[in-house]
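To start, the structure under review is shown below, and the notes come after it.
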Amino acid sequence: YLSWDDYFMSIAFLSAQRSKDPIRQVGACLVSQDYVILGIGYNGFPRGCSDDKLPWAKKSRDGDLLKTKYPYVCHAEVNAILNRNHASASGQRLYVTMFPCNECAKVIIQAGIAEVIFYTDKQSHPDFQFTASRKLLSMANVKVRKI
């Protein structure tokens, strides 16, 4: 049978498959200390913003960032926190398929999440974002674990 870690990480991977991002699909699963799923999320555009009217491109031909996905996409971690049931995220665990960026790390800390369990950190973010994220999570005493 599956361990709790494998079970919740599998749900994060399943959630990632909902993402329409052609380059990177990320999923997250917020879990209580007593193994209850509180929220799930994947990377995608905000509710009400059509997937057909915003770009999924990683780069634009003319260098215009507004023609890329970056100003528009909500990350899986933020969606899992925002999509949670009415339970508090404080003291809980977040399973995520990729190591969180620095912007998500700030939201994770502000939500009071106690532990981040991730699957991969390969090529997930530019070096400065990865370093800043690790630094922030460490300073806030958020436990970080790779499985």
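In case you wondered, yes, glycine gets a Cβ from its N, Cα and C as well.
Annotation source TrEMBL lists active site, proton donor at Glu77. What TrEMBL records for His75, Cys101, Cys104 is Zn(2+) binding site. According to TrEMBL, the feature domain 'CMP/dCMP-type deaminase' maps to 3-144.
Between the alpha carbons (Cα) of Cys104 (Zn(2+) binding site) and the residue listed as 'active site, proton donor' lies a span of roughly 6 Å. Within 10 Å of the Cβ of Cys101 (Zn(2+) binding site) there are 19 other Cβ atoms, across all protein chains. Excluding His75, Cys101, Cys104 themselves, the residues of that chain whose CB lies within 8 A of the CB mean position for the Zn(2+) site are, in sequence, Ala76, Glu77, Val78, Pro100, Asn102, Glu103, Ala105, Val107. On the backbone, the CA of Cys101 (Zn(2+) binding site) and the CA of the residue listed as 'active site, proton donor' stand 9 Å apart.
When averaged over the domain 'CMP/dCMP-type deaminase' (3-144), pLDDT in the model lands at 94.
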